[in-house]
Amino acid sequence: MSKLNIIFAGTPDFAAQHLQALLDSEHNVIAVYTQPDKPAGRGKKLQASPVKQLAEQHNIPVYQPKSLRKEDAQAELKALNADVMVVVAYGLILPEAVLNAPKYGCLNVHGSLLPRWRGAAPIQRSIWAGDQETGVTIMQMDIGLDTGDMLHKVTTPIAADETSASLYAKLAELAPPALLEVLNGLESQAFKAEKQDDALSNYAEKLSKEEAKLDWNLTACQLERNIRAFNPWPISFLTLEVDGVEQSVKVYQANVLPHQAKAAGTVLQADKNGIQIATQEGVLNITQLQPSGKKPMSVQDFLNGRADWFAVGKQL
């Protein structure tokens with residue numbers, strides 16, 4: 001195995017963990033591409049991405065083009081003369097000129113077992129859909145959306161209480177060693193490229209705040225999965241009327257109970273064991289929630305000052 005000169009492209013913390021693995025390896029990271037700094041926090045100060053922060057700690061040149069479609073940006077990247085470009089949650093579309101610039105092209109770490117869950121939110125959608133397992137795929141990028149040839153897959157089960165946050169953490173542990181295996185075998189072509197079967201593909205649509213609103217006409221099982229899939233963002237919520245004012249309450253944890261005899265959206269019970277709400281099928285038992293302006297709390301703490309919010313028989 002010879003040392004590879006690598007361009008790394010990524011933006012969030014998930015990507016930074018892969019960059020760290022490359023920095024700890026025998027390979028040479030010659031440049032980092034990441035999204036432009038964005039306003040964050042109350043002061044709306046410009047904040048560097050986790051990938052940029054890590055790169056600067058290691059004195060690696062950082063490039064932050066708004067787009068890679070322009071010829072000057074493409075020429076700048078090509079001039080780096082990299083062996084390979086590694087792309088992890090970068091957030092920009094790579095034109096064909098960029099994909100073909102490095103000697104071995106561009107490799108992508110994708111958070112699903114392709115061709116299942118192509119697109120922006122594979123980790124969240126695997127929980128949302130009730131998948132039993134997921135994993136990461138290292139693929140050779142092409143001009144399609146997550147359609148490139150697959151080089152390596154690593155699988156992991158999805159636990160019954162898995163949230164997107166916990167699954168992100170799990171995949172962030174699994175993926176970097178898998179990436180290094182592929183990089184170490186690039187020269188010898190140790191990993192044979194496997195075409196994706198488009199007939200088995202589906203699309204992992206971005207999450208939206210609107211989708212996070214709990215719809216009592218869904219089943220309790222689906223709502224419970226939504227609560228886990230939408231944690232840490234955008235967090236599921238319900239709305240209810242209190243003294244003529246609509247209140248929004250975020251929901252962090254719930255479980256499913258089988259019995260039900262009332263119309264969907266009816267409060268069946270509210271005590272220290274949970275707030276039970278009838279759904280289209282089954283009962284959603286909410287155990288951790290967050291009123292506006294407060295921290296997440298147990299159902300008992302919530303009901304201590306707000307018992308009337310979820311009166312038995314109330315229709316949400």
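Keep in mind that glycine also has a Cβ here, set from the backbone N, Cα and C atoms.
Taken straight from Swiss-Prot:
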{"type": "BINDING", "residues": "S112, L113, L114, P115", "note": "(6S)-5,6,7,8-tetrahydrofolate binding site"}
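Taking Cβ-Cβ distances under 8 Å and a sequence separation of 6 or more, the neighbours of L113 ((6S)-5,6,7,8-tetrahydrofolate binding site) in its chain are E133, T134, G135, T137, K153, T155. The Cβ neighbour count for S112 ((6S)-5,6,7,8-tetrahydrofolate binding site), using a 10 Å radius over every protein chain in view, is 24.
One residue stands out among the binding-site residues L114, P115 for having the most other Cβ atoms within 10 Å of its Cβ: L114. Shown in sequence order, H110, R116, W117, R118, P122, T137, D146, M150, K153, Q196, S201 are the same-chain residues outside S112, L113, L114, P115 whose Cβ sits within 8 Å of the Cβ centre of the (6S)-5,6,7,8-tetrahydrofolate site.
In this structure, S112 ((6S)-5,6,7,8-tetrahydrofolate binding site) belongs to neither helix nor strand by DSSP; it is coil.
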